[in-house]
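TrEMBL has this to say about the protein:
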BINDING   His79, Ala120, His121, Ser122, Gly152, Ala153, Asn180, Tyr289, Glu372  thiamine diphosphate binding site
BINDING   Asp151, Asn180  Mg(2+) binding site
DOMAIN    321-486  domain 'Transketolase-like pyrimidine-binding'
Amino acid sequence: MSERPVTPLLDQVHFPADIRKLQKSELPQLADELRAEMISAVSTSGGHLGSGLGVVELTIAIHYVFDTPNDKLIWDVGHQCYPHKIITGRRDRIRTIRQGGGLSGFTKRAESEYDPFGAAHSSTSISAALGFAISNKLAHKPGRAIAVIGDGAMSAGMAYEAMNNAHEAGNRLIVILNDNDMSIAPPVGSLRNSLARLVSSRKYLAPRRLAQKLARAMPGPLHRAARKMEEYTRGWVTGGTLFEELGFYYVGPVDGHNVEALVEILENVRDAEEGPILVHAVTKKGKGYGPAENAADKYHGVVKFDIVSGKQDKGPGGGPPAYTSVFADALKAEMARDEKVVAITAAMPSGTGLDKVEAAFPDRTFDVGIAEQHAVTFAAGLAAQGHRPFCAIYSTFLQRAYDQVVHDVAIQNLPVRFALDRAGLVGADGCTHAGSFDLAYLCTLPNFVVMAAANEAELVNMVHTMALHDSGPIAVRYPRGNGRGVPLPVTPQALEIGKGRIAREGKTVAILSLGTRLEEAEKAADMLEAKGLSTTVADMRFAKPLDEELIRKLLTTHEVAVTIEEAAIGGFGAHVLTLASDDGLIDAGLKLRTLRLPDSFQDQDSPQRQYDEAGLNAPHIVETVLKALRRNDIDADAGAIA
Ligand SMILES: Cc1ncc(C[n+]2csc(CCOP(=O)(O)OP(=O)(O)O)c2C)c(N)n1
Ligand SMILES: CC(=O)[C@@H](O)[C@H](O)COP(=O)(O)O
Ligand SMILES: [Mg+2]
């Protein structure tokens, strides 16, 4: 007998209210369709895949049981939100994700009422959810807050700060720990072992047993004396976990892919009188797509790929090496030369290249989990005791450890080395990941040396310079992506601290470039020369200390000077302006302009379009020079003088 045709369900689901019209028994089919839709979409757009595949059932169950958007659902990091976006009115735009004018790759308040809180940097969800919960409590408004946090994100201190305060929220706060035993790399530390013990030592909690336990374990109103009883009861319910010590009722482990059981469990949790409750859901990163499940990284982040084979379209290959790879090789060379050099990453071994370093020096490479604050002070301790630590942390993620940089490193003048990858604009990850502020937040600190590599050869020499620099903290910034194809030094050269270099001599215009915008500065010089304006280009190399001698010379021997950096206001250009002002050069009529990132958070787009939007390409430099010289007789776009 031919099987009854299956009616597609996803086409009927535009918002969670549509899911709630379905029978529980229909949800597994919806999960299959949602998973297929996500695989199809990401195969055309690229993006974060593995984490979203792992939460398809959780996404459906949460929206089925809770009254979203009135109940506030907050995803930690937000990279797993693609299924959530598909069933909250954004299926039609899901293939625009991470593209200019398209959907953000993370949750974003401005995008949807179903995204009550933006994310992208990890471990913020419980704090934010607690805020929503307490606000509802104070306003005597109904409504719960549900934080979904991964096992990786649970390794960050901020999560514990929030849990330590969560008792205030009672049953208005629910935390769902999405435990797939993966961060970007395998998770690290004792928490990972504790979770693994919880998962391996117990069967999945059956909904029926949970209902009985919750009924028995949630006594009525408690006064202080009985509170202890409640603690014991709580421990009795589930056998005592770290989370109970932090004031949560622990529910788990539960099967994060059994959508019908998840619904029943979440219905019990929703209706419980006491709280907060933490549901420990066990999932698989990459679930339901073989190439992802079988990949070491579970297809955490992918480019476009062929669905059948899973083969990613990584382009023709060859070409200049990625800055990340150049850094990793340079660091390995320093570690081979000097056994005191050690390397630290905060859960980003592949992103920073420290996975290659760890392969060569496993005993001197440390992945501390998503714990940038700890990483920095851990490095400070290593430095204080005589080692030479390299902290390899994306520029944007170092923001999380700023006080540690100031208080534990700069004030004590400890020789910690900071390798700031993804400095500047990053394209598809958008404003949350742009490394815009490191020059502003580091160059203001006494004792710091801050460098920016103009190309991959410079980066090699700067890593060597850092390895030798024992007199205080030192940082190098470099962008996401590939180098310029310049030959790498066979023998790294130590740079003289605070000294820049003239890349090309001229007379009328001086371009003071910091970092990889040097390429555009040289193109601008060609364009200006074609207009009869002789142009000097300097690669300044150091944002701190400034090469004051070179800067004074350039500012006083050219008609106009322009600084350019891929950083927000308050960085290199600001410090040059301060020097010019302190020297009275402004009074003397100096024409000085600074080109930097705009005072706005730039949404995701292609890097080229982002630089155009930021005004940091050659034509923008030319236009700035002509305006400063008031040379209206020269057409900024045309070659010859008008
Ligand atoms: C503060 C911070 N550091 C580093 C990252 C980079 N990062 C993005 S996702 C991720 C791993 C998250 O693991 P988990 O929370 O378990 O989520 P899963 O990918 O397993 O679903 C990391 C380290 C980040 N987003 N935020
Ligand atoms: C979600 C997250 O924070 C990381 O996956 C990040 O997107 C990685 O960035 P890169 O792709 O630049 O390594
Ligand atoms: Mg995980």
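Cβ from N, Cα, C; glycine included.
Straight-line distance linking the Cα atoms of Asp151 (Mg(2+) binding site) and Glu372 (thiamine diphosphate binding site), rounded to a whole number, equals 16 Å. Confidence in the domain 'Transketolase-like pyrimidine-binding' (321-486), given as mean pLDDT, stands at 98.
With a cut-off of under 6 Å between the Cβ and any atom of ligand 3, the binding-site residues His121, Asp151, Gly152, Asn180 reduce to Asp151, Gly152, Asn180. Proximity of the binding-site residues (His79, His121, Asp151, Gly152) to ligand 2: a Cβ under 6 Å from the molecule is found for His79. With a 10 A radius on its CB, His79 (thiamine diphosphate binding site) counts 24 other CB atoms from all the protein chains. The most densely surrounded of the binding-site residues His121, Asn180, judged by C-beta neighbours within 10 angstroms, is Asn180. Neighbours of Glu372 (thiamine diphosphate binding site), defined as other CB atoms within 10 A of its CB across all chains, total 29.
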